Each structure stands twice: as structure tokens, then as C-alpha cells.
Amino acid sequence: MLSENTINIVKSTAPLLAETGPKLTAHFYQRMFEHNPELKDIFNMSNQRNGDQREALFNAICAYASNIDNLPALLGAVEKIAHKHSSFLITADQYQIVGGHLLATIDELFSPGQAVLDAWAEAYGVLANVFIQREEQIYQDNQSQTGGWRGLREFELVEKQYESAHICSFVFKPVDGGSVVSFKPGQYLGIYINDEQFENQEIRQYSLSSSVRPDCYRISVKREEGGRVSNYLHDHLDVGSKVKLAAPAGDFFLDAAPTAPVVLISAGVGLTPTLSMLESLTEHQAPVTWIHATENGQQHAFKQHVKQLVETHPHFNSLVWYNQPNSDDKIGDDFQFSGWVNLHEIETVLKQADVQVYFCGPVGFMQFIAKQLLEMGVPEQQFHYECFGPHKVV
């Protein structure tokens, strides 16, 4: 329990942190990687270069300082981060390293005096313990389940299939021949790549793109321009290749009552977690609406698969938007609408009582979707979203 004095001191530093901006976290990361270069094997260095990770950490630090007297407000963020940390196999001793560099950064940038440093040390220690305990619980839960494991497990690529011009599916089975731990539709898998072409180990999380299978996992990866790992997987990972995986994790997952209508909204490769959800809703007792946006038919992944699911399950419905249809794309067959997704055109679907909405895609797309949902009066607690990469609020 934090003392009132600590709470007051940390809260008083919030305006200074906000004024400093991401310069704070840029200094922190530069310092940490200089003194502990081994941590480059854990952090996504691409997110370091584009600034996304710095921005995410800065927002988290500011949120903690501002809400230190109202920690329940941070529980959602803690759960999201703890799951991501478990996929990176973060350990308790690494929290000590990070804490040391955070305090040194505050001291070097602001010279705030020992009282402020002591307050932040106490506050960081409390928060670190919350994460350590929650992450240990996640590790133990995974390990204790049938097919579960802790740490890394070696898998073999047994199937590789292109779903569109830029999205490829990869199916992995454990080398030891055992079963695999179950997951919640919408969760992701941690994949660890060690290759001589990379200076450091590369770790990525990719959404599981199928319903639960007892002996394998499927991810579907978009080839991103300049994406180090996505291009590596597309170009160098072939059937028979071995990779190491961390157990499934993630706080974005299907959690709808059996009688609640479900709407799944995605753009581009954002369909991977929602497809896992769709495949898991074949016995659902309420209507399920699949809404997908993509550029055109060439970019439309899993088109036939979703069409077959809809045809064989009367409670399923599919609505597709093509931003710029090709000449051979057929309206009414390949897609129903063109341009940007306009949810007001299908307002009755979103205004069903107790509807649960799950959406995923580029940040701009999700912000646009969230804005429309709020305009239509869908309560915030009834929509759920996932950001690929460092979390952003939509």
C-alpha cells in the first residue's frame, strides 16, 4: 500500500512528465539499451525506430502518475500489458533493471531531489509487484493446462498457404508430438526468431486465426513493407522449418453470452482474431454478423472460407466493403459496399439488444469504427478492440 506522501509526490510530477513528452522515454530506452544491450533481444527494435514503443511507455507512465490514487482505473491496462509481457517471457529480475533505468532517467532529466526519487521508487515497486504476480499467474495457468508449457516450446511448420496477395497462413505442430494448450478466440501466439540475418533475436505476436485445434496452431501474417519478421516468415520459413513459440496470451478474446448478438468488424489483416472468433461461434444461439473491409478482391483473404461458413450456418451473415474494387470484383457476390465502412448503412445490426462488438484493424480504421458506434449509442462496455503492436486508445 502506498503512503499518502508517496501518492502526493508522484501525482505532483504528472504535469512535468506530460510536458516533457516522449523525450522522457527516448532517454530511458537509450540509457537502458546502452547499459543492458541484452534487452534488445526482448524489445521490438522496429517499434523503437518508429517511436511507437516510446509513445506507449510514455502514455503508461503518465497514466500511472495521474491515477496513482485510483489504481482500479488502471486494471484494464495492467491486464493487457501483463499478457503481452507473458508472451515476451518477462522475468522479475528484468523489472529491477527497468526500474533502475526509469529512476536514473528521472534523476538525469529533472534532478528532482531524493524525496521524489524515493517516492517513484516506492510507486514503481508496487506496480512491478502487481505485474510480477499477474504474469506468474498467467505462466502457471498455461503450464497447468493440458498441452500447456512454460517458456519456449519447439514447433515445426507443417503447412504454409497464401490466403490473399499479401497474407499467408502458417500452421505449426509441436516437435515433441504432444497436444497444445487451448486458447480463447482472439488471443495471439508469441513467435521467436533467431537467424544470422538479424542482429538480435526478434519476437513478435500474431493472432491465432482459427478456432481451437487439439494438436496445432495457425497464424496468418501480412507481408508488411519493411517488416523484418513478416518478410522473413513469407520468404524464408518453409514447411519443415522449426521455430520456438510462447504459449497463447492476450486480453482481447470472445466473451459473449450465448444469447447475445455478436458483430465482428475487421479491416485488412485485422480479420485474423475475428476469424478465430467466427469459427468458434458456429453453435452460437444469436445472430453473428461478419463485417470486413479490404482494398479489393486481390486483397480479400479467406473470402471463400467465410462464404462457406455463412452458407452452412443460418445465424451467420457477412457484409464486405471494398475500398477500390477491381473491374472483375462483383458487387453482391464478392462485396456488398464500396468505399469506407459506413456502419450507419447497417444500423439495425448494431442496435440489437445486448450486442457485443469486436473489431480490429489499422488504428485510423478502429477510431473511425469506435466513433460510429458511439454515435449510434452502442455502450462502450459492449465493444472491444485489439491493436497490433503497442497499444493505442481508440
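Keep in mind that glycine also has a Cβ here, set from the backbone N, Cα and C atoms.
Annotation comment: Swiss-Prot describes Y95, E135 as active site, charge relay system, evidence class sequence analysis. The annotation heme b binding site is assigned in Swiss-Prot to H85 on the grounds of sequence analysis. Look at Swiss-Prot and you will find G268, V269, G270, L271, T272, P273 tagged as NADP(+) binding site, backed by sequence analysis. According to Swiss-Prot, the domain 'Globin' annotation covers 1-136. Feature annotation from Swiss-Prot assigns domain 'FAD-binding FR-type' to 150-255. According to Swiss-Prot, the feature region 'Reductase' maps to 147-394. Summarising the annotation, Swiss-Prot assigns site 'Involved in heme-bound ligand stabilization and O-O bond activation' to Y29. The site 'Influences the redox potential of the prosthetic heme and FAD groups' annotation in Swiss-Prot covers K84, E386 and rests on sequence analysis.
This view paints the features noted in Swiss-Prot onto the structure.
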residue	record	DSSP (3 states)
K84	site 'Influences the redox potential of the prosthetic heme and FAD groups'	helix
Y95	active site, charge relay system	helix
E135	active site, charge relay system	helix
V269	NADP(+) binding site	helix
E386	site 'Influences the redox potential of the prosthetic heme and FAD groups'	strand
Of Y29, G268, V269, G270, P273, i.e. the recorded positions, those within 10 Å of K84 (site 'Influences the redox potential of the prosthetic heme and FAD groups') when Cα atoms are compared: none
Listed in sequence order, residues not in G268, V269, G270, L271, T272, P273 with Cβ within 8 Å of the centre of the NADP(+) site Cβ atoms: S207, S209, S220, K222, S266, A267, T274, L275, C360, G361
Candidates H85, G268, G270, L271, P273, E386, namely the recorded positions, that fall within 10 Å of E135 (active site, charge relay system) by Cα distance: H85
Shortest C-alpha distance to G270 (NADP(+) binding site) - which of the recorded positions Y29, H85, Y95, E386: E386
Inter-residue Cα distance where the pair is H85 (heme b binding site) and L271 (NADP(+) binding site), in Å: 23
Rounded to the nearest Å - Cα separation of the residue listed as 'heme b binding site' and T272 (NADP(+) binding site): 21
Using Cα positions only, nearest of the recorded positions to Y29 (site 'Involved in heme-bound ligand stabilization and O-O bond activation') (Y95, G268, V269, T272, P273): Y95
Residues of the domain 'FAD-binding FR-type' (150-255) by DSSP state, where helix covers H, G and I: 9 helix, 45 strand, 52 coil
Protein Cβ atoms within 10 Å of G268 (NADP(+) binding site), excluding its own: 22
